[in-house]
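Listed features, source Swiss-Prot:
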| type | residues | note |
| --- | --- | --- |
| MOD_RES | 4 | N6,N6,N6-trimethyllysine |
| BINDING | 113, 163, 167, 285, 317, 369 | substrate binding site |
| ACT_SITE | 165 | active site, proton acceptor |
| MOD_RES | 191 | N6-carboxylysine |
| BINDING | 191, 193, 194 | Mg(2+) binding site |
| ACT_SITE | 284 | active site, proton acceptor |
| SITE | 324 | site 'Transition state stabilizer' |
């Protein structure tokens, strides 16, 4: 037959420790836990093979292509310190393996098949290096941080949001009423909960109309530009686009999408529409913990965050560091920088395995949301800085005097923290003091401070 039939070890072809990575390669760092008795080189090579050109046996059609040009290569393996039988396997993929401008294809190749592999007990994709040559094939966020600030005319501080609760069960008119109260009180944005789509108790069109009325009314009263994230997520792409188009016709500034449950293909279509039609796009990461929570299997959220920046979104939820959902500070700040900055140096202490150059792809605003309230404001201002959206759902609507006073309390706390920071005070040390001082002249804030003074989500 002219080729040697049979099964041969992956590492003979796909483990190449002397390979020099190219500037155009897509690089991946996998955390590999091999089955007992499987050498790490073989496990790493198996991942490289099965996520690129390889299959389990030699096939005669291998002779019709240049494997050297197209194969993924495992070029380095290191043990994970402090973990038994875990290794980081670095794999380089030639650029030509991937369709341009398709996060869907990127993920299908790199994580599509290998995670059920028998030779591995567990596998986790920790990071991806996206080369500029591939970055340039994506539109990325519809607008980005600077354009968003210019559209909203809001500078020098984080933006404030609030998710309308109870998330399911309100009628459209009462929902709009809650939106109006929050925006009038001083928030920049209110938000549809991620699971509010178009249910029997509140159809999407009714909600869109009442929310638009609420935000225009609040805008007229406060003289500030307001937004409500209208969730366009739907059961079909066509229906999603229909909702986005209706939002644009209402003249609202921003829509929202659940990018993991909706899928990358739908998300990228929506992002293109948003750029073409001047809509901002807020992204919720519902379902991320299914993929990213296990430490040894799945995908780290920083990979999902990079994927979103390519697919497109102007805001994305990124954990809080301080609220009810988990996230370590340095690691969170690592992927927050990956979302916002143009160029991020490799830094293993923050979980960043590769230097990432986004060239001119716009940045994404990280959203801190989940169990946060006024006492967290100094820490949030300190940790996230100006380019972020701080979202207080219960922390606004749970105010004893109602939504508008809840919004006032948050806005006063934020302005006090920003002012204190600008005066050179150390928010990490003096934060509580800053909030207490502000509460002296804001009864709304004083009431909020009283309600949440003891709340901690420590487990």
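For all residues, glycine too, the Cβ spot is worked out from N, Cα and C.
What Swiss-Prot annotates, mapped onto the structure for a quick look.
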{"residue": "4", "record": "N6,N6,N6-trimethyllysine", "Cβ neighbours (10 Å)": "7"}
{"residue": "113", "record": "substrate binding site", "Cβ neighbours (10 Å)": "12"}
{"residue": "163", "record": "substrate binding site", "Cβ neighbours (10 Å)": "24"}
{"residue": "167", "record": "substrate binding site", "Cβ neighbours (10 Å)": "13"}
{"residue": "191", "record": "N6-carboxylysine", "Cβ neighbours (10 Å)": "28"}
{"residue": "193", "record": "Mg(2+) binding site", "Cβ neighbours (10 Å)": "18"}
{"residue": "194", "record": "Mg(2+) binding site", "Cβ neighbours (10 Å)": "22"}
{"residue": "284", "record": "active site, proton acceptor", "Cβ neighbours (10 Å)": "28"}
{"residue": "285", "record": "substrate binding site", "Cβ neighbours (10 Å)": "23"}
{"residue": "369", "record": "substrate binding site", "Cβ neighbours (10 Å)": "25"}
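When other Cβ atoms within 10 Å of the Cβ of residue 317 (substrate binding site) are tallied across all protein chains shown, the result is 22. Geometry remark: residue 284 (active site, proton acceptor) versus residue 113 (substrate binding site), CA distance 26 Å.
In this view, residue 165 (active site, proton acceptor) is surrounded by 15 other Cβ atoms within 10 Å of its Cβ, with every protein chain counted. Looking at residue 165 (active site, proton acceptor) and residue 193 (Mg(2+) binding site), their Cα atoms lie 8 Å from each other. Put simply, residue 285 (substrate binding site) is 9 Å from residue 194 (Mg(2+) binding site) when counted between their Cα atoms.
Apart from the site residues 191, 193, 194, the chain places the Cβ of 163, 164, 167, 192, 195, 196, 229, 231, 256, 284 no farther than 8 Å from the centroid of the site's Cβ atoms, the recorded Mg(2+) location. Residue 167 (substrate binding site) and residue 193 (Mg(2+) binding site) have their C-alpha atoms 6 Å apart, to the nearest angstrom. Across 113, 163, 167, 285, 317, 369, which the record gives as binding substrate, the greatest C-alpha separation is 37 Å. In space, 4 is the closest of the recorded positions 4, 191, 193 to residue 113 (substrate binding site), judged by Cα positions.
With respect to their backbone Cα atoms, residue 163 (substrate binding site) and the residue listed as 'N6,N6,N6-trimethyllysine' stand 62 Å from each other.
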